[in-house]
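Structure record follows, encoded as structure tokens.
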């Protein structure tokens, strides 16, 4: 039979690992292939003794291929032999001294996009929680090779002036301290990491870690004597000066190979390294996490994304964005003062900005999708 009929007769269960995707078929033959009809039984029983029916026996089902790419909607859990190989690599990395070990899975990304993957991980109800989607453009019109998606961080480091809050989502704890330099907190968090390498991804490609922002005023952490927060302009929004989050679960898209890497990092303590049972438990936990990460990407139905019709001329200069936090005269005055500081040698570069605002009913995710179109 042709491939279309074969797919109609078989339930396809795909399981995949880092190296190959194994396709396992559970045969569900048609009723005719499973058992002869009543007429066929009567015909066979009426045949003369010593003779056989002219109808040949049904052919055996075709053997499943050794390897095949992952099919959409396939199960996320890897088979036992694949997991055994991953366990061996995990133990080898821990024995070599690594205390942060990646659990990796590869998926075909010819239909899965970074935007859709982000929506799979971050549904409408989760939009207020920390997450990220990082994409890049090369030379203004070419898509960068790698894109990154992450959600549900393990830690968060938040600072406002010298007050630092650390949220440990794994333990459910919240710690508040006062630091002379809050930048030391995320540095101390990562100082003891000894990560194992990921085969197949070039060194230097982001695969997990701290993601967030550090505002302009964080320069006062370094020059706190010359630039104390007491000299900062009035803060009418109350935003954090720094917000970093540790993401152990990350999706890395390779646009060149059309492969998406699902990565979950397992942090192994000294006690877990020295105990076989604890090491096994750490591996099982990481394997379950990466399985869940993949399951969120392949689950059906996929989240719906509106087509988002573009009804503006992107080549034309847009209209004024609306209300600003300063008048034109105030902005020009700031430019003049900046030129005076440059001439006096106080600074060599200035970035003058103003805040525009308007009312909108669009969600942050919808605004991001629009910015992907107009930001060139």
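Yeah, the Cβs are placed from backbone N, Cα and C, and that goes for glycine too.
The feature compositional bias 'Low complexity' is assigned by TrEMBL to 45-54. Among the features that TrEMBL reports, compositional bias 'Pro residues' is placed at 55-67. According to TrEMBL, the domain 'Anthranilate synthase component I N-terminal' annotation covers 110-257. The region 'Disordered' annotation in TrEMBL covers 34-73.
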Problem set entry | Counts by DSSP class (helix H/G/I, strand E/B, coil) across the domain 'Anthranilate synthase component I N-terminal' (110-257) | 29 helix, 51 strand, 68 coil
Seminar exercise, completed: The mean pLDDT across the domain 'Anthranilate synthase component I N-terminal' (110-257) is 89
